[in-house]
């Protein structure tokens, strides 16, 4: 019986990491000698990772090779530039700096003050924001802490919020809870009510959202998604917020790069607060940003007195000291690098290509008879509903993983199981960073379709998900088909360049 092995030792090594692997073998063969040498000399801190920890170095090589030979379709992933990675792996990791520029609790912060202020300026410039009307906090460690900081700043415990339901394409931090448990910290500390998609169109049901808001009276409504392929009507959501006197938070984590490039509408005209991650379509290091309105909010018609926004101090206090300690200065620097890149014509071209590639992928899937939630895409992703095909996202994800295509299972409207949801989420940003074009994505869909068909055949022969996964590895004919498909996928993928470092 032929077993379909996924172990690294069974994989041929090509391109990414070949020379380094040779060095690793030499290091392993001389491990005893190296250890003896290390014992005889003092630690300098200048030892390379490959010298001081060959085991970890090899794991990095394996991951680098996986990325080079695979097709990365997870919509929330991208490939960071070498320049940003250099900042991320710099001496800035050494500096602790609780507080804000000019108001630190530690000395020696004059340089990191400049770095943080530079990141703030670039963040405002990237989204064409007037610093008199908008401010930004660049210290959140990622998107989820950024959202929690906003809730902490604007709400009291048990205040009410509304966000898109997770099975309909929302995010955990927008208040998700199941029938039996409050899943997200947002739903634990606050009272949440989801809004949903129209089941017929797959679009956000703004009319129902408005009706629900009138009854629920939320203090905060979140305009943001994690698996929604269409544009958000921020103006409509602003109307709802004004009617019920709620704040509007736009979570643009998935689409911030597209917003910066001006290829899709911006939420800043309508939102009170905007949060984002920095590693998705923005293509930076993993971190978070919180933008907030400042300046004059309104003028009292009776007294003529200017009424200012009060977000700045509340948000800054929520980030530090309420929720975080010292900022990750290395990440802030790397984000600043990415924000500079986001202001270039080249980044706009990249973002336009992301949209073209996503649409090409959607069209190719539709041509092959696949059902897409909402029927297509206006942004960087598509959500495939596999239920009409007779398959689920968990089985499709596993088959594709075995042939070096990385995607993720995802709930579709009406799904009741997060373990075997009906959807498969596919994104264009990462492969577009590897210079894929429309025809390349049509080829990718060919590979996906072949994998799904294998999955359908195996599903007809197995019962439970675990049986399905076991059959993929142990059935000789299936293993051979998967191995053949994987070889073609990897040969195709390796022909494209990879951003970042060559070796890791």
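Using N, Cα and C of the backbone, Cβ positions are placed for all residues, glycine too.
Marked as compositional bias 'Polar residues' by Swiss-Prot: 30-49.
What Swiss-Prot records for 103 (among others) is N6-acetyllysine, and it gives a large-scale study or a structure entry as the kind of evidence. When Cβ atoms from all protein chains are considered, those within 10 Å of residue 103 (N6-acetyllysine) total 10, not counting its own. Under DSSP, residue 103 (N6-acetyllysine) is assigned to a strand (E or B) in the three-state scheme.
Residues annotated as N6-acetyllysine in Swiss-Prot, with a large-scale study or a structure entry given as evidence: 181 (among others). Here the Cβ of residue 181 (N6-acetyllysine) has 8 other Cβ atoms within 10 Å, regardless of which shown protein chain they belong to. Annotation note: residue 181 (N6-acetyllysine) sits in a coil segment as assigned by DSSP.
Around the Cβ of residue 196 (N6-acetyllysine), a 10 Å sphere holds 17 further Cβ atoms from the protein chains shown. Classification of residue 196 (N6-acetyllysine) by DSSP places it in coil, neither helical nor stranded. According to Swiss-Prot, the feature N6-acetyllysine maps to 196 (among others).
Annotation comment: Swiss-Prot describes 280 as N6-(pyridoxal phosphate)lysine. The DSSP secondary structure for residue 280 (N6-(pyridoxal phosphate)lysine) is coil.
For residue 280 (N6-(pyridoxal phosphate)lysine), the Cβ neighbour count at a 10 Å cut-off comes to 27, with all displayed protein chains included. Positions annotated as N6-succinyllysine by Swiss-Prot, on the basis of experimental evidence: 280.
Annotation comment: Swiss-Prot describes 297 (among others) as N6-acetyllysine, evidence class a large-scale study or a structure entry. Neighbour density for residue 297 (N6-acetyllysine): within 10 A of its CB lie 13 other CB atoms from the protein chains shown.
The N6-acetyllysine feature in Swiss-Prot is assigned to 356 (among others). Cβ neighbour count for residue 356 (N6-acetyllysine): 15 (other Cβ atoms within 10 Å of its Cβ, all protein chains included).
As annotated by Swiss-Prot, N6-acetyllysine applies to 464 (among others), with the evidence given as a large-scale study or a structure entry. Long-range Cβ proximity for residue 464 (N6-acetyllysine), meaning a same-chain Cβ under 8 A and a gap of 6 or more residues, is found for none. Residue 464 (N6-acetyllysine) carries neither a helix nor a strand DSSP state and counts as coil.
DSSP assigns residue 469 (N6-acetyllysine) to a helix. For residue 469 (N6-acetyllysine), other Cβ atoms within 10 Å of its Cβ number 17. The annotation N6-acetyllysine is assigned in Swiss-Prot to 469 (among others) on the grounds of a large-scale study or a structure entry.
Annotation comment: Swiss-Prot describes 470 as phosphoserine.
For 474 (among others), the entry in Swiss-Prot reads N6-acetyllysine, with the evidence type a large-scale study or a structure entry.
Look at Swiss-Prot and you will find 30-51 tagged as region 'Disordered'.
Annotation source Swiss-Prot lists transit peptide at 1-29, citing similarity to another entry.
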DSSP three-state assignment for residue 297 (N6-acetyllysine): strand
Length of the line joining the Cα atoms of residue 469 (N6-acetyllysine) and residue 181 (N6-acetyllysine), in Å: 29
Cα proximity to residue 103 (N6-acetyllysine), best match among modified residues 280, 297, 356, 470, 474: 297
By Cα-Cα distance, the member of modified residues 181, 280, 356, 474 nearest residue 297 (N6-acetyllysine): 280
DSSP-derived structure type at residue 474 (N6-acetyllysine), helix or strand or else coil: helix
Residue 196 (N6-acetyllysine) to residue 181 (N6-acetyllysine) - Cα separation in whole Å: 19
